[in-house]
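Annotated features, as they stand in TrEMBL:
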type	residues	note
REGION	1-20	region 'Disordered'
TRANSMEM	29-51	transmembrane segment
TRANSMEM	71-98	transmembrane segment
DOMAIN	76-291	domain 'ABC transmembrane type-1'
TRANSMEM	110-134	transmembrane segment
TRANSMEM	170-190	transmembrane segment
TRANSMEM	211-231	transmembrane segment
TRANSMEM	270-291	transmembrane segment
């Protein structure tokens, strides 16, 4: 019986197929060269610190110590006060001011400049000046009260409730102007034809705002509110330089508590645990912001 034999064909080479090795074009090569430093800096100063911090804060013993500390729960409440009261009040005031600043008065540019000035000033020197103004013994506010009414002013920084109220007040004073500018830009983008059509239909005053202005600005208002909440979660300067977390650690927020535990107490793991505990608030806010911006085709 004849034995059939089969010969395997040799594999094709690049020269047999007619394909040549692909080379990077000079412009592509230069693109890689210029991108590599950015990638290295991003890995070194963003990815590595964040990853290392998460590794430090993910220690279960640190989380147990954090949750066993009554100070943490007071700090969480303060953070929620700043988020829910401070941010929403800030946005509401900014929306009202944006309408006022669009009134056709000659002095309005001067008023606009005065309103924007607190935001234009550097944050740290501004809050240090505020701390001096609120000092109970020689502060400007209490000296003013004594000069005109000859009564002792309250302890703005020594009473826990007044101290937290002062934080919220000057947080508004500092950041309302920024969002006012954003809302002024949003209002000016609304077509005037909509207001003219509403006026023909008999809309006046608040009806204009209800049926034209707010529906057109609702998405912008919501996106700005969520973005402001994200920024406020990481706001360190306001509390640190106005009250320092006092009196008796009663005005700390998560951002300042994390820095205190890491550097003043000397426990970086505990400090990172305090910061990580904000992730259940931060991650949904970021996810909603990205979803809303993609849905509305908004670019910041």
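Backbone N, Cα and C define each Cβ position, glycine as well.
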Which bits of the chain, at least 6 residues beyond where the transmembrane segment (270-291) starts or stops, bring a Cβ under 8 A of a Cβ in it? 53-54, 56-59, 62-63, 65-66, 72, 75-76, 79, 83, 223, 226-227, 229-230, 233, 254-255, 257-263
Between the stretches 29-51, 71-98, 110-134, 211-231, which wins on the count of C-beta pairs under 8 angstroms to the transmembrane segment (170-190)? 71-98
Beyond the flanks of the transmembrane segment (110-134) by 6 or more, those residues with Cβ under 8 Å of it: 97, 101, 140-141, 156-157, 166, 170, 173-178, 180-181, 237-238, 240-243
How about long-range neighbours of the transmembrane segment (211-231): same chain, 6 or more residues beyond its ends, C-beta under 8 Å? 83, 87-88, 90-91, 95, 99, 175, 179, 182-183, 186-187, 190, 194-195, 198, 203, 282, 285-286, 288-289, 292-293, 296, 298, 300
